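To start, the structure itself, in structure tokens.
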Amino acid sequence: MRILGIDPGLRVTGFGVIDVSGHRLAYVASGVIKTPTADLPTRLGTIYDGVSTLIREHTPDQAAIEKVFVNVNPQSTLLLGQARGAAICGLVSGGLPVAEYTALQLKQAVVGYGRATKEQMQEMVARLLSLSGLPGTDAADALGMAICHAHGGNTLNTLGGIAPALAKKGLRVRRGRLVG
């Protein structure tokens, strides 16, 4: 099964594509969709078009996207919600079922600690997918979203979560830190 993860943002939207087979996670692609400095409709159109292109290029079976959190600044929350909406429209237009997860669910599923830092997310994603370097923060969150969906969507053993994949690599999580 191929999963497309999306980390929505008005300036930068992260994406990550993984293949899941049993307990095995395999990296396919990741990166960002950058919007131009332009009016809001143009930026939202760029996100929609970018997501649509990703679906055509990578042919995912399912998608996962981060739920909007309420920011201190209501204007920022509204803009993020619009960017997320543009991404969801692209996913649905591409015929994908879309799952939504909170940042807490994402961090808990990937790192094993709901208050994990960006750096901890990057490190764990790189280890779980056997990457040679750390992905950028937006791409790491998007890859993490795909991993979270693989876990929550019963593609990985939900009783063991990501523990079997970590154990095979000689790793475990202790106090939010990856140890080996």
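Cβ atoms are placed via backbone N, Cα and C, with glycine included.
Annotated in Swiss-Prot:
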- D7: active site (ACT_SITE)
- D7, D138: Mg(2+) 1 binding site (BINDING)
- E66: active site (ACT_SITE)
- E66: Mg(2+) 2 binding site (BINDING)
- D138: active site (ACT_SITE)
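Sequence features annotated in Swiss-Prot and their locations in the structure.
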residue : record                : Cβ within 10 Å
D7      : active site           : 26
E66     : active site           : 25
D138    : Mg(2+) 1 binding site : 24
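It is 6 Å from the Cα atom of D7 (active site) to that of E66 (active site). The two recorded residues, E66 (active site) and D138 (Mg(2+) 1 binding site), show a Cα separation of 12 Å. DSSP gives D7 (active site) a strand state.
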